[in-house]
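Reading through the C-alpha cells given below for one structure.
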Amino acid sequence: MKVAVLGAAGGIGQALALLLKNRLPAGSELSLYDIAPVTPGVAVDLSHIPTDVKVKGFCGEDPSPALVGADVVLISAGVARKPGMDRSDLFNINPGIVKNLVEKCAASCPKALIGIITNPVNTTVAIAAEVLKKAGVYDKRRLFGVTTLDVIRAETFVADAKGLNVDKVRVNVIGGHSGVTILPLLSQIEGASFSAEEVAAMTKRIQNAGTEVVEAKAGGGSATLSMGQAACRFGLSLIKGLQGEANVIECAYVEGDGKHATFFAQPILLGKNGVETVLDYGKLSAFEQEAMEGMLATLKADIQLGVEFVK
C-alpha cells in the first residue's frame, strides 16, 4: 500500500506521518509532500524509526512525484485557525490549495481514495468533488471528508463524563464538520444515559472542541496532535477496507443519497472501492432531530460555496 500525505510539514501532517510510519502495514510506502523545503528532512527523520515502512519526502510546487501509484491520499495542507477565527474564516486561502492538490491527484492517481482534512471540510470536499468531475475521474465512493476528530472527541468526552472504558465507547457523529453541523448521536450510546441538560452541554462541547484547543494554545496553533491521531485512524480504516477486511465502519463526510444534503457525515462501510455502503444512522431523539433539521441550511450553504468556487 502507498499512502501520500499532502501538507506533511505542517502540524497535522507531521503528527500523521509519525503515526503512519509506526502503524501502516509492513511493506507499505509513505510518501510525504509539502511546499516547504523541510519536507525531505521530515522523511529522513522518520526513516530512522525501525518499522518496515519506506518513507520518501518531496517538496516544491508540484506534488505529482509524491502521488504516482498512491492508493490513499490524505490532504492536510492549508492554514490553521487562530483565536477568534472559525473554520469558515479559512475560506480565503485553503480552497485554492485543495483545488490545486486535487487537480494533481486527478492526473497522477485518479483511482486513489482521497481523504480531505483541510478546513472548512464542509466546503473543501465539495471543491474536491467538482475538480474530480471536471477531470472526468469522480467516483463518489473514493472521496471523503475526514470527520473522525469529532468522533474521537465525542468518545473521549463521553467516557470521561460517564466513567466508561473509552475503548468500548462508540459514538456516531453525523452532519458536517463545523459548529452546529456537528451532531453526536448521544441517544444511541450503549451503557450511558444523559439528562436533557447533559445532552445539550455535551453536544455543545463536542461542537466547540476545536475552539477549546485554539484558545488553549493562545495563538500557537490549532488541534494538530488529536487531528493527526484521527486522520491516522481513518487512513488505516481505508487501508483495511482496501485489503478486504470485513466490517470496517467509520463516520465520514461523503456523497450519499442526498436525502439531507449532497454531502453528509454518517457511518459508512469501507471496502475495496472505498465506500461500499452508506449505513443508516438509526433513530434520532427529538433533540437530535431538531438539531439535524436546524443545521441543514448551514450545511447546504457551505457545500454551495465549494461548488461555486470551482465553476
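Using the three backbone atoms N, Cα and C, a Cβ is placed for every residue, glycine included.
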Figure out which of Met85, Met202, Met227 sits with Gly7, Ala8, Ala9, Gly10, Gly11, Ile12, Gly13, Asp34, Asn94, Ile117, Thr118, Asn119 in the NAD(+) site per Swiss-Prot.
Met227
By Cα geometry, the one of the binding-site residues (Ala9, Gly11, Met227) nearest Asn119 (substrate binding site) is Met227
Distance, His177 (active site, proton acceptor) to Gly11 (NAD(+) binding site) (CA atoms, angstrom)
19
If you count other Cβ atoms within 10 Å of each one's Cβ, which of the binding-site residues Arg81, Arg153 has the most?
Arg153
Rounded to a whole number of Å, the separation of the Cα atoms of His177 (active site, proton acceptor) and Gly13 (NAD(+) binding site) comes to 19
Binding-site residues compared (Gly7, Gly11, Gly13) - the one with the fewest other Cβ atoms within 10 Å
Gly11
Report, as a single number, how many Cβ atoms besides its own are within 10 Å of the Cβ of Asn119 (substrate binding site).
28
